[in-house]
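The structure under discussion appears below in the form of structure tokens.
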Amino acid sequence: MASLSLSTLPTSSPTKKPLFSKTSSHVKQSHRFKVSCNSAANNNEKTVKNSETPKLILPKTSLEMQNVDRRNLLLGLGGLYGAANLTSIPSAFGTPIAAPDNISDCVTASSNLQNANDAVRGLACCPPVLSTDKPKDYVLPTNPVLRVRPAAQRATDEYIVKYKAAIQAMKNLPDDHPHSWKQQAKIHCAYCNGGYNQEQSGFPDIQLQIHNTWLFFPFHRWYLYFYERILGKLINDPTFALPYWNWDNPTGMVLPAMFETDGKRNPIFDPYRNATHLPPAIFEVGYNGTDSGATCIDQISANLSLMYKQMITNAPDTTTFFGGEFVAGDDPLNKEFNVAGSIEAGVHTAAHRWVGDPRMANSEDMGNFYSAGYDPLFYVHHANVDRMWKIWKDLGIKGHTEPTSTDWLDASYVFYDENEELVRVYNRDSVNMTAMGYDYERSEIPWLHSRSVPHTKGANVAAKLVGIVKKVEDVTFPLKLNETVKVLVKRPTKKRNKKNKEEANEMLFLNKIKFDGEEFVKFDVFVNDVDDGVETTAAESEFAGSFSQLPHGHKHGTKMSMTSGAAFGLTELLEDIEAEDDDSILVTLVPKIGCDDVTVGEIKIKLVPIV
């Protein structure tokens, strides 16, 4: 492929001022990365490569070469955002979610996939039962050997050989062994496609669901934790760590080359991948189901801008990042105020769909929850999703913390550990990566300097459309999204000063979004996007974000009707487009895929207190 090279604008002045002032709510100027997709190395560049990875070039002027510790560098972010308790989401006072002690209570998952007869991976997702004993509460090892997860694009040849040997050893196990490749893949199907109900918590008729809730991050962290330890034991290497697909960095925005066949048998190759997205295709953080057609440079720019939105603008607090509360007795299909976290609904879903094979009836493997675990890339993708949790927390922004409710802390799951012992693990033990014995190899995070720039600037956009576009109070809900929808939404206040912004975040909420959970669903959200004949891109400020869902499949009825919600940050967006003095804003919802039956039950703007 063509090499990718980056050069940065200066990120600090000679006086070493912080990147962001603690008294400012945002970055006044974007620090854009200059990107070239076909550039020769010169004396100011270093090359990072292995024999299976396309040549990637990084500049010596990068932050890494300045010998600056990332956490110290980011301390200036402290005033960017604070915690925001989303008052639109009712607080739960229930029993924490718990996977069943008796794993034999698992049932066949997703029997009503849209194309169940063509489910090539099978729908029997229950784990093997080795004993009738209850699972033991898992105790983290004392002083564990540190496992450092490397960026896939920088993995050495020696590491790649070891990684492939570990996967091959797992694939060599009998299918009914709890450590086998097939059984490890089934874990995701059982927890995410209706294999378990909430009988352990007293609600045997209600499904246990990981996605679209605050369980998303901790469940997958534990899943990868045991998967990684099993692989290490299979090759007798206690230091073995999974690689991560570094899709948030331009040097990692292609499918890691080690996962493709090279004419030899490759245990980490999966035949069910989108053949048009092999290197040198650039991953699309905002993938809609069809390729954007953007140039390499434009796609990388859009990716970085979207990462900034998903990690900063649209994730100012615990709920917007982790997702909405989910406790025992909540129905994941009909929870009125369910909210998927910004990363789960964003880059996480995009990567699943971008990798999954569109030639398959259910977009196997990565394109459907039931089959995703059969692709080795799934675990590498989720390693970077997990890394986003670490980065978000390490930014040092007030409110960037895990949930503190016991409903979250005491939520639990059941896994087989590396010794084939059935164990119960709790969210409370997943918050400390050091105690869990792993970390991530450092990789630059250029999206921190990729705040969007406006497509156009202009005040009173909404005021000029009164009488042409309906006001939200005059709209009949629910709104159907089978076509583009425009609505004028009144703001709770205007002309917010610096102190006001330090006290509350202004957020746009789309609530009671109903959709078919067996479809890939995605629609985009824009603010004050005027029709000027030029399409607004994801790299521009008017693009607030997207709502997207991967197919789940379910075991009831012919359709899987689900309810969720979405939240988008407005504080920075309105500053950028110079609309802070406007009474109302124009909100535009643009369906992209799977939206024929999608409805939105409520659109509103709220000031969410920073506490």
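For all residues, glycine too, the Cβ spot is worked out from N, Cα and C.
The model shown is predicted, which means the values in this text are computed figures rather than measured ones.
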From the list Cys125, Cys126, Cys192, TrEMBL names as the disulphide partner of Cys189 the residue Cys125
Students should find that the region 'Disordered' stretch in TrEMBL, chosen from 1-25, 476-500, 551-575, is 1-25
Within 10 angstroms of the C-beta of Cys125 (disulfide bond), the count of other C-beta atoms across all shown chains comes to 27
Under 8 Å Cβ-Cβ from the domain 'Tyrosinase copper-binding' (211-228), and at least six residues away from its ends along the same chain, one finds 97, 147, 184, 187-188, 191-192, 240-242, 319, 322-326, 332, 338-341, 344, 369, 379, 382-383, 385-386, 389, 403, 408, 411, 413, 415-418, 425, 427, 430, 436, 438, 549-550, 552, 562, 564
What remains of the recorded positions Cys106, Cys125, Cys126, His188, Cys189, His211 once a 10 Å Cα-Cα cut-off to His382 (Cu cation B binding site) is applied is none
Of the recorded positions Cys106, Cys125, His348, His352, within 10 Å of His188 (Cu cation A binding site) (CA to CA), in sequence order, we find Cys125
Quick tally, other C-beta within 10 angstroms, Cys106, Cys126, Cys189; top of the disulfide-bonded residues is Cys189
Cα of Cys189 (disulfide bond) to Cα of His211 (Cu cation A binding site), in Å and rounded, measures 12
Taking all protein chains shown into account, the Cβ-based neighbour count within 10 Å for His188 (Cu cation A binding site) is 25
His352 (Cu cation B binding site), Cβ-centred 10 Å count of other Cβ atoms over all protein chains shown, is 26
Whole-Å Cα distance, His220 (Cu cation A binding site) to Cys126 (disulfide bond), is 18
